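Novice: Annotations per TrEMBL:
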type: DOMAIN; residues: 7-152; note: domain 'Lactate/malate dehydrogenase N-terminal'
type: BINDING; residues: GLY13, ALA14, ALA15, GLY16, GLN17, ILE18, GLY19, ASN107, GLN114, VAL131, GLY132, ASN133; note: NAD(+) binding site
type: BINDING; residues: ARG94, ARG100, ASN133, ARG164; note: substrate binding site
type: DOMAIN; residues: 159-323; note: domain 'Lactate/malate dehydrogenase C-terminal'
type: ACT_SITE; residues: HIS189; note: active site, proton acceptor
Amino acid sequence: MTIKQPVRVAVTGAAGQIGYSLLFRIASGDMLGKDQPVILQLLEITPALKALNGVVMELRDCAFPLLQDVITTDDPEVAFKDADYALLVGAMPRKAGMERGDLLGANGGIFKPQGEAINKVAKRDIKVVVVGNPANTNALIAQQNAPDIDPRQFTALVRLDHNRAISQLAEKTGGAVKDIKNVTIWGNHSSTQYPDLSQATVGGKPALEQVDRTWYETEYIPTVAKRGAAIIEARGASSAASAAGAAIDHMRDWALGTREGEWTSMAIPSDGSYGIPEGLIYGFPVRIKDGKYEIVQGLEVSDFSRGKMDATARELEEERDEVRKLGLVK
Ligand SMILES: NC(=O)C1=CN([C@@H]2O[C@H](COP(=O)(O)OP(=O)(O)OC[C@H]3O[C@@H](n4cnc5c(N)ncnc54)[C@H](O)[C@@H]3O)[C@@H](O)[C@H]2O)C=CC1
Ligand SMILES: O=C(O)CCC(=O)C(=O)O
């Protein structure tokens, strides 16, 4: 195997719970491949740098052959310097009883300066995924504050919802996860998201022919959409290993491509496809080749789907209007 030149991967909130799972998987080659050395550039707030240094000690103790260097800093311009990839995880997590939108004001202030720093110092073709909630609108804030970077390089994570949608369907039908294809998460990473099975297949056969419609509408959709809250309730803390796994999946597919004939879900800037207002960072079905994603076009949209797709778009418009009032986006 020919080993490539190293790439720079910036991770924010690196000393947090997601970081504790994410960094080790990036360093082991799960994200960018076993032939891709990485330099990790880790951003934390000043009081968390000591804990971050402990994580770095553990990273070094793993002796990962692909881990070329680790930089730790509390300065976004150091963390994003020449970065090829950025995973924006650092944010304030939701507590029991809160909606993710309740975090807009608190977290918005983090993503404006980070967008500005990316604009100033990162590689022009940097691939950014926002994990920190409310992820879609935080991605919009970072994007709008990085006017010299192609807006399509800013994305948000709905892959955890996508993976949850697959696993819930596998459990119900008895099908294997690997035999489930073409599930879509439309819209916001919030309880208004629409986990859509209308194009999904299990073992090559339409998913909706294998489950009861009432179960789909009244149990499946809310279970997937509210899984984050169920985990907070059960664990007393928000999902971490599964969120890190989904961020790895998102970046791996973006860098290395989706499989032939299949798609995944990514929250990306809407180009107006499927009647979704342009510019919103909205979950769409995407195929990826050579590091470029494209929205899967031409899917049939039923009245049921239309209602759900529009409702989650409306929530994103409301979030955008709120951060606009705070002066965080144009
Ligand atoms: N999109 C998704 O599917 C998911 C998103 N999340 C979100 O991910 C975020 C992180 O979750 P956890 O790791 O569990 O939280 P955590 O609280 O364990 O870690 C967050 C870390 O971010 C750091 N941080 C805060 N402000 C920062 C800044 N300005 N720059 C750099 N670092 C900063 C904190 O010091 C902390 O170490 C939360 O917003 C959470 O809601 C969590 C699960 C799934
Ligand atoms: O639900 C939250 O606020 C944090 C975790 C999360 O986004 C999720 O598990 O989907």
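Positions of Cβ are set from backbone N, Cα and C atoms, glycine also.
Caution: TrEMBL annotation is automatic and unverified by curators.
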Novice: For the domain 'Lactate/malate dehydrogenase N-terminal' (7-152), provide the mean pLDDT of the predicted model.
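Specialist: Across the domain 'Lactate/malate dehydrogenase N-terminal' (7-152), the average pLDDT comes out at 95.
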Novice: Over all pairs in GLY13, ALA14, ALA15, GLY16, GLN17, ILE18, GLY19, ASN107, GLN114, VAL131, GLY132, ASN133, the listed NAD(+) binding residues, work out the largest Cα-Cα distance in Å.
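Specialist: So the maximum pairwise Cα distance among the NAD(+) binders is 20 Å.
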Novice: At the Cα level, what's the spacing in Å between GLY132 (NAD(+) binding site) and HIS189 (active site, proton acceptor), rounded?
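Specialist: About 11 Å separates the two Cα atoms.
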Novice: Given the binding-site residues ALA15, GLN17, GLY132, ASN133, return the subset with CB under 6 A from an atom of ligand 2, ordered by sequence, or none if empty.
Specialist: ASN133
Novice: Using CB atoms and a 10 A radius, I'd like the single residue among the recorded positions ARG164, HIS189 with the highest neighbour count.
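Specialist: Result for the most crowded candidate: HIS189.
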Novice: What whole-number Å value do you get for the CA-CA distance of the residue listed as 'active site, proton acceptor' and GLY19 (NAD(+) binding site)?
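Specialist: Approximately 19 Å lies between the Cα of the residue listed as 'active site, proton acceptor' and that of GLY19 (NAD(+) binding site).
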Novice: What's the CA to CA span in angstrom from GLY19 (NAD(+) binding site) over to ASN133 (substrate binding site)?
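Specialist: Each residue's Cα considered, GLY19 (NAD(+) binding site) and ASN133 (substrate binding site) end up 15 Å apart.
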Novice: Please report how many Å separate the Cα atom of ASN133 (substrate binding site) from that of GLN114 (NAD(+) binding site), as a whole number.
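Specialist: ASN133 (substrate binding site) and GLN114 (NAD(+) binding site) have their Cα atoms 15 Å apart.
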Novice: Give the sequence-ordered list of residues that share a chain with GLY13 (NAD(+) binding site), lie 6 or more positions from it, and have CB atoms under 8 Å from its CB.
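Specialist: Looking at Cβ-Cβ distances below 8 Å from GLY13 (NAD(+) binding site), excluding near sequence neighbours, one finds GLY19, LEU43, GLU44, LEU88, VAL89, GLY90, ALA91, GLY132.
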Novice: Please state whether DSSP places HIS189 (active site, proton acceptor) in a helix, a strand or coil.
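Specialist: It is coil.
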Novice: Given ALA15, GLN114, GLY132, ASN133, ARG164, HIS189 as the recorded positions, which ones have a Cβ positioned under 6 Å from some atom of ligand 1?
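Specialist: Near the molecule: ALA15, GLY132, ASN133, HIS189.
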Novice: Please tell me which one of the binding-site residues listed here (ALA15, GLN17, GLN114) sits closest to ARG164 (substrate binding site), measuring Cα to Cα?
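Specialist: In terms of Cα distance, ARG164 (substrate binding site) lies closest to GLN17.
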Novice: Work through the binding-site residues one by one (GLN17, ASN133) and point out the residue whose CB has the fewest other CB atoms within 10 angstroms.
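Specialist: GLN17, out of the binding-site residues GLN17, ASN133, has the fewest neighbouring Cβ atoms within 10 Å.
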Novice: Might you list, by sequence position, any residue in that chain lying six or more from ALA15 (NAD(+) binding site) with a Cβ less than 8 Å away from its Cβ?
Specialist: LEU42, GLU44, ALA48, LEU49, ALA51, LEU52, VAL55
Novice: GLY19 (NAD(+) binding site) has how many other Cβ neighbours within 10 Å of its own Cβ?
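Specialist: The answer is 26 other Cβ atoms.
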